[in-house]
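Visitor: According to TrEMBL, the feature transmembrane segment maps to B:14-37, B:44-62, B:82-100, B:112-131, B:143-164, B:185-210, B:265-282. What TrEMBL lists as domain 'ABC transmembrane type-1' is B:75-279.
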Amino acid sequence: MLSQRWLRLMPLHLMLLPALALLLIYSYGPITGILIAFQNFMPSKGIFGSPFIGLDNFKYVWDLPDTRQVLTNTVVIAFFKIILNLAVPILLALLLNEVRIKLFKRSVQTIVYLPYFLSWVLLGGILIDILSPSQGIVNDIIKSFGFKPLFFLGDPNWFRFTIVATDLWKEVGFNTIVFLAAVTNANPSLYEAAVIDGANRWKQTLNITLPSMLPVIILLATLSLGNVLNAGFDQIFNLYSPQVYSTGDILDTFVYRIGLIDTQYGVATAVGLFKSIISCLFISVSYFLAYRLANYRIF
Amino acid sequence: MAGQTSFSRIVFNIFNYGFLALLSLMALFPFLNVLAVSLSNKSAAAAGLVKLWPVEFTFASYRFVFLRDEFFTALGISLERVLLGAALSMLVTVLAAYPLSKEEKAFPGRTLYAWIFVFTILFNGGLIPWYMTIKMTGILDSLWALVLPGAVQVFNCLLLLNFFRGLPKALEEAAFVDGANHWTILWRIFIPLSTPVLATVTLFTVVGHWNSWFDGIILMNSPNHYPLQSYLQTVVVKMNTSTFANIDPVQARLLSEISDRTVKAAQIFMATIPILLVYPFLQKYFMAGIVLGSVKE
């Protein structure tokens with residue numbers, strides 16, 4: 001009996017084997033690799049031969065003049081992205097919900113959704129072209145109104161704005177569609193009752209449509225908490241330059257430069273570990289809140 | 001919903017339609033401008049005459065890209081990576097999602113396994129250990145470096161397992177009575193019943209591979225081995241390769257019409273075309289996907 005049960009369960013273990021092996025090597029391997037953060041890592045000696053130096057890498061980074069600025073940049077950019085990527089799609093979903101012409105509604109959705117599917121390499125290439133102060137079309141328009149051209153990607157005062165705005169351009173379609181799906185969840189009989197009670201569209205939106213979206217809003221809001229330190233490596237890496245490090249350099253780009261350009265492996269791993277630990281806390285809290293507030297379970 | 005046609009409603013509608021149309025135009029505007037630049041003569045582009053319509057229309061920039069090898073070599077590597085990567089990823093992910101969708105009672109150990117998967121979302125080693133690990137497994141500078149490390153898509157796996165769990169238990173039990181084993185049940189019952197969600201996940205995996213660029217730059221030693229997006233990153237964004245290096249006489253004849261800028265614009269647009277072709281389907285399946293699996297209430 002026991003062996004028969006074993007035979008029956010064997011395939012289940014076998015099915016998991018390839019994924020487990022890959023995770024063990026390529027996800028848990030790097031997790032073991034965080035030992036490098038506590039070492040004066042030398043590639044020639046490897047992870048088992050390099051000397052351990054305790055928390056020296058962390059102390060070193062903390063004393064660097066740039067570190068606190070990088071941390072501030074990361075949190076500020078991520079914060080504005082989180083807020084706008086929730087607020088604007090909610091507004092858009094509500095406005096699209098008022099559109100009665102199906103073709104128009106679908107066209108707007110499809111157009112707004114397009115940048116979401118393109119890489120930051122392509123979008124970066126497009127933005128570098130259109131935002132160029134000398135030949136970009138955006139500055140041509142600004143100049144035609146008699147203003148001076150703006151260095152959207154080269155001026156530290158404009159860089160964060162450009163990053164948050166262009167991120168919105170890429171991401172807005174995704175959440176809009178999720179919220180729009182939530183809008184259609186509202187019970188039609190509620191609207192009929194509201195019309196009989198004399199509620200106008202504005203009242204209906206406020207008292208029926210928005211509350212029916214609330215579970216999804218809460219869910220996406222709590223889940224986005226996990227992104228407080230994700231300011232968007234792909235985007236910033238493709239758009240920044242040394243002139244805007246003061247407002248645009250973030251943890252991930254900082255790690256990249258320390259680690260892969262300056263080859264200070266130990267220091268870069270220490271910064272990465274710091275980010276991983278904080279992110280892990282935030283993601284755990286966000287899942288817990290999503291579970292408590294929106295009844296969301298990961299598995 | 002009753003169609004109110006009060007005055008305020010009409011005013012609202014005019015503004016609403018106008019605003020949404022303007023917004024769509026703004027979202028589309030950068031693409032149209034770059035497309036117009038790619039189809040314009042270099043002097044018109046440099047003089048800032050090109051808005052949404054090509055000026056002194058020419059295909060020269062595209063002809064130039066077609067005459068050179070770089071773009072198509074990179075495109076070939078991208079296609080290889082998309083095919084191999086998506087196939088491998090789907091195989092591994094579906095195979096893992098099935099056992100994980102079982103109840104702990106039916107498959108002792110399932111919860112432990114599930115946590116091993118989920119932990120990798122919560123915590124990772126960071127860039128340097130990731131690179132070191134891939135280097136240690138000896139796959140740097142090969143196609144495997146682009147497909148193996150990310151093959152297990154834990155989020156997709158969770159989406160699939162949640163979908164599998166919603167399938168009627170009776171089907172599985174009946175199949176067991178008929179003498180089927182888990183392999184047959186997965187292949188004959190679960191997979192056919194999950195085509196919409198599998199299509200969604202496959203399309204997202206394909207687009208993910210198509211759009212990846214950073215791993216190519218870090219894990220490939222020479223630019224000749226870069227997939228398309230990595231190649232474009234060096235050309236369009238970092239600008240550390242000259243567009244007109246090693247030019248031959250046939251290509252040189254196009255120089256009167258093209259500039260660095262128009263050629264870049266042409267390459268950007270060419271890399272966008274595949275996405276333009278598949279993303280309307282993605283949108284449709286994506287809707288099915290969110291209704292089916294990810295957002296549970």
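Just so it is clear, glycine is given a Cβ too, placed from its N, Cα and C backbone atoms.
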Visitor: Taking the transmembrane segment (B:44-62) as the reference, which of B:14-37, B:82-100, B:265-282 gives the largest number of Cβ pairs under 8 angstroms?
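Guide: Result: B:14-37.
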Visitor: Spell out yes or no: are there three or more C-beta pairs under 8 angstroms between the transmembrane segment (B:14-37) and the transmembrane segment (B:265-282), with each pair 6 or more apart in sequence?
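Guide: Contact criterion met.
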Visitor: Could you tell me what the rest of the chain brings near the transmembrane segment (B:82-100), counting residues at least six beyond its ends with Cβ under 8 Å?
Guide: 107, 110, 113-114, 117, 143, 146-148, 150-153, 156-158, 160-161, 164, 182, 186, 190-191, 198, 201-202, 205-206, 209-210
